Amino acid sequence: MTKAVSVRGITKRYGKFVALDDVSLDIEQGEFLSLLGPSGAGKTTILRMIAGFDRPDTGEIRIMDRNIVDLPSHKRPVNTVFQDYALFPHMSVADNVAYGLRQDRVRGEDRRIRVREALDMVEMTSMAHRRPDELSGGQQQRVALARALVKRPSILLLDEPLGALDRRLRQQMQIELKTLQRETGIAFVLVTHDQDEALAMSDRIVVTRHGRIEQAGTPSDLYDYPRTAFVADFMGSQNFLFGKLDKANKALTTRDGVTLYADRIEDVAGPEALAAVRPENTIITMDEPSPALNRVRGRVIQAMHMGNTMEYVVDLPSGAEVFSRQSRKHATDIPIGSEIWLAWDRADTAIFPLDDEINETTKRSHKTMREPA
Amino acid sequence: MSQVSPLSRKWLPLLPAVSWWAFFFLASLLAIIVYSFGVKTPLTALNPVSFDDPSLSNYREAFSSVYIRVFWITLKTAGIGTIACLMMAFPVAYVLATRVSKHWRSWLLFVIIFPYWVSFLLRTFAWRIILAPEGAFSEALQGLGIISAPLGILDTQMAVQMGIIYNYLPVAILPIFVALERIDPALRQASADVGANRVTTFFRITLPLATPGLIGAGVLTFILAAGDYVVPAILGGARGLMIGRLIALQILEAQNLPLGAAMAVVLIAALLATGAIAGLALIVLNWLNRKFQGASI
């Protein structure tokens, strides 16, 4: 099948800063794809190049099998929902939506019908005569969607569209966006730095980092089988323990002298590596766990109530810290200061190459405690 | 015990400006209106203006054909000056607001208002040197074969027009720049994104959003230009007349305060009328535009 978008080897430099470094990427028709990464990773640059607001230094962008690098943005079959919506402040909601149709010389009754359809789709028909500044953030967001979708593009680009909304509204809009995408069959390309948003909505996620693609795959792929410590860390919370690698046995010996076994070992070059386990995959027990499990001794130094779970910080003898999330349904709360065992399954353990930006989990790297915003 | 109500406390900070303004603007405006109904007394009289027999005679004189002609020249000079200023200012403001980096922007704005650091009089006198028939500029033009006789602009209405445009160009640039700078660049991108080319984006997005700035610049330039008396006095000679110059002559030299006051009142009325007509035209244009575009829903 023809790709909705095919990005081939694009590179973009701003002075010495390399925004994109030889990026290639395919977007299937009708797919919901997220570009996920920290700020400055190049995800927005990719989006702006597809829209035509930026031009790659080298490389090719094909939309429905046609190279569009030299096509100005107003001639591309692509529409964008902008980060701060960029609604025309001097036009009513209906005029904002009709603006794109006027450019296509859609007139009279045809235009009115399509404007109404687009506004119906986002449930904004009753606000058709309002000005953008009379709308709430969520309503502006809907108008921005209607303005883009009324053009019936083959690809809709969304640049952090939910960033300005509060949490509850954001979750509601996530569901609505996903529904809208299924109903219209338009390929959605979403730029976000919020992994939960990407996980919730996407068919496929592309994780970008330093202008390159770090890993691409389905949400389950990325969550369950991250290939690097960076992706593992970005996709939800993650504990990392530094140690010496025994490749043959898929084992890693920590600074405490404890040997951890992993079912999965990623492509590690050096003699040292990081063993990773998610907080929700660890269990805390008072009794010695089975030797078949990975297990470490430690002391609970912090306990945080998260509603239906408790989050514990466990201090290991080496000074490393492990975060552990326990369901409150079956376990009693554990007092701070308790000497405990932490155990987890080998299947939930992965070994990654060392990474400049990822350290062993300690007090200083509380970012692994990052909760869904 | 003194009690200051919350309301008066809220408006208290305005007091210095309002009292200053009331005294120097409203009071003097009122004085001008009162004087315009007075009568000039003989030079020997104690008071230069008599209010014993208030009359409209000053207005009759202000509306005599000679003065009407000067009023017309004034509005025309100010009007042409305003249009020329706006047309030249817009591209400058546009480039400044959209194409120049923030760092260079402040420097270029500084350069634009730099002439204002030199006295208005001095700058206007400098134009006498530039426009002089036997000046270097005139000779250069003759040398290049662009003109055959010495430059004959000085002391004509043309020189006044040029001086007006020169003096008020920066006044026109700044409000337009501010309006353009406040337009989110994403709006132009959004316009292109839904299929509008550069020309459409300019006329449908950029220009309408810059209109408040354009109106501000136009009103400011027009009012300042219409009331100017320094430029016609220095560059206009005997042939380049504007009403501001005549008012100054009546009040300062002919000692005819009532006639000068009446002419000032007529000028104010003429400016207000021009503003009202321009505003009305804008509303009609807007309405026609909407009518032409057709309903969206």
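Using N, Cα and C of the backbone, Cβ positions are placed for all residues, glycine too.
Keep in mind that TrEMBL annotations are predicted by a computer and have not been checked by a curator.
Non-local neighbours of the transmembrane segment (B:12-37) in the same chain are 4, 49, 51, 54-56, 58-59, 257-258, 261-262, 264-265; each lies 6+ residues outside the stretch with a CB under 8 Å from one of its CB atoms. Residues annotated as transmembrane segment in TrEMBL: B:12-37 (among others).
As annotated by TrEMBL, transmembrane segment applies to B:70-96 (among others).
Per TrEMBL, the feature domain 'ABC transmembrane type-1' maps to B:71-278.
Sequence annotations record features per position, and here TrEMBL assigns transmembrane segment to B:108-130 (among others).
Feature annotation from TrEMBL assigns transmembrane segment to B:158-180 (among others).
Residues 78-79, 81-82, 85-86, 89-90, 93-94, 168, 171-180, 183, 187-188, 191-192, 271, 274-275, 278, 282 of the same chain, all 6+ positions outside the transmembrane segment (B:201-223), place their C-beta atoms under 8 angstroms from a C-beta of that stretch. What TrEMBL records for B:201-223 (among others) is transmembrane segment.
The transmembrane segment feature in TrEMBL is assigned to B:260-288 (among others).
Remote same-chain residues near the transmembrane segment (B:260-288) are listed as 32-33, 35-36, 38, 58-59, 61-63, 67, 71, 74-75, 79, 215, 218-219, 222-223, 226-227, 243-244, 246-251, 254 (criterion: CB distance under 8 Å, separation of at least six residues from the stretch ends).
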